[in-house]
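Reading through the structure tokens given below for one structure.
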Amino acid sequence: MEAGSSPSQICNAWSVASRLSTSLPTSKRSSSWKKHLQSNAYCSKLDRVNVLTGHTGCVNALSWAKDGELLLSGGDDTSVRIWRLDSSDTTKEYPYVCDAVIRTGHRANIFNTQMLPHSNRIASVAGDKQVRIFDIGDIVSQAGDGRETLYTARQANVRILRCHSDSVKRITTEGTPDVFLTVSEDGTVRQHDLRAHHNCQNNQCPAPLVEFSHSLSTLSMSPLTPYQFVVAGESPYGFLFDRRQIGRHLEEEWGMPPDSRSVTTCVRRFGREARSPGESRGYPHITGVRMASDNGHEVLCSYSTDAVYLYSTRDDPHEPSAFQGGILASNDKGSQRPSPRQNADSEMSMQETPRRMSLDQLDTLMEQDIDHFLSQGASESQDGEGSTGSHEQEGVREDQDEDMVEEDDDDDEGGGAESFTNVPIILPCRKYTGACNIETVKDVNFLGPSDEFVVSGSDDGNFFIWDKASGKLCDILEGDGHVVNVIEGHPYLPLIAVSGIDTTVKLFAPTHGQSAFSRLENSDAIINHNEESSSRRVDLATLMMYARVARRAGIDGDECTTQ
């Protein structure tokens, strides 16, 4: 105010300033409005807006970095590509171009890659059992100019970790540039701290956070609850662990006393009420888990040959005694029990350590199980034509003794003896159906600024989007020529990156006109086809299990290059 202003002028000025300040949006209101717009954008029609080329193999890994400024991709060609928005290209709506390619030095397929928070480091994991760390500081500092820079493993590599003894499948960052978690098919979850050096070759690696008797393939953590993580694999359960051990009594919060010998405690398991109609009883397992970043208590689990399920860690659990093979026994009494295994060797395929089987044993087991599946299908077909019941044809009588029943239930566990059998089990609060999950290890994800949607890939080359609250199918989009495995939403833009068996990365965003890649109009035919694929008696998931067993047993042969 100028000198000599009257009191009335001063009051009027303050009144105007006050009205202006109340009319301007606050930071919180602005953030809420942006979330609202992004959520509404996902409700509109989505279409493919760009195809990113350059990989020469399946793209198994996608992740956004630097608050969405960068997109990382990796796959079977053992390279990591770094994509950035090219502001000089006005011909495309989302003109992402490859800024740099890192020849990682991995000797097998890359399954996951993440940029460590608050740093320029990238971590990658692969089927060669290694975790590799790269520093790309000069790449991040440059503006995207459309030119692609090649970095060899020697130029960019910072460190190699060989703590795992089998394929490493997922990375989960912890909000720091030095600490992250990895999960492996060796059945362990490990925490790595880049500030603490050790020699992996001399067995100096820190003890794992978690160790299972079965293979693990997926891991997730929410930034709102970083002391918890969910892990799953060749088991009918997902497992929630709590790392808050020092000075805490978990019995007060979870009803589970902490294990004094471990830095983690398994506090909950996630199970189901019933199987999918076409699901094999011998090998139930989970291919993908995801914890919600918006609330920290919701968990998604994607079951092979079944559907995607939503859980909440706040729900009341059930006692483990009510479950058999990962299924709530009270809801499963009416279903038909399978016939017992043909012989003791076939039983060994699910119970013994894979490394103990020879090539001849593996071939014999595969032939027996395939014959068994085919004979089951033939018996069911004859039963539908008016022949005697399938129970009698398969040698299963209604008065079957309890020992045989218990043997079948043990076989349901899959992958060996089940872990943490005393931990309470949570049932799902929502189920999302329509996609087909048999041929590969598919991830699952939330979508939207407040995790309003659920997304999953499918064996038919599409990816499905459901409304989380209602379970309603929102859209089906063609994302791959064969199979969609990975779907990652941009942190703040209505943009989705999708990859699978193809060598490309597809970007999807809202469109103004008709969507050329939406298949929602054919949803009934697509869902029916997927249901038929899932119900085939020759269980592809079981055959893939044999392939993994063969690889762990050291048997030479072509390995499936998918996840």
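Note that Cβ sites are derived from N, Cα and C of the backbone, with glycine treated the same way.
These come from TrEMBL:
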- 332-352: compositional bias 'Polar residues' (COMPBIAS)
- 377-390: compositional bias 'Polar residues' (COMPBIAS)
- 399-415: compositional bias 'Acidic residues' (COMPBIAS)
- 320-353: region 'Disordered' (REGION)
- 377-420: region 'Disordered' (REGION)
- 52-93: repeat 'WD' (REPEAT)
- 449-467: repeat 'WD' (REPEAT)
Chain residues outside the repeat 'WD' (52-93) and at least six past its termini with a C-beta under 8 angstroms from it: 99-115, 122, 124, 126, 134, 136, 139-140, 144-146, 148, 485-488, 490-493, 497-507, 509, 561-563
Folded-back contacts onto the repeat 'WD' (449-467), same chain, C-beta under 8 angstroms, at least six residues removed: 34-35, 38-39, 42, 46, 288, 292-295, 298, 300, 302, 308, 310, 432, 434-440, 442-443, 473-487, 489, 492, 496, 498, 500, 519, 526, 529-530, 533
Reported mean pLDDT - the repeat 'WD' (52-93): 91
DSSP helix/strand/coil residue counts for the repeat 'WD' (449-467): 0 helix, 11 strand, 8 coil
Helix, strand and coil residues within the repeat 'WD' (52-93) as assigned by DSSP: 0 helix, 21 strand, 21 coil
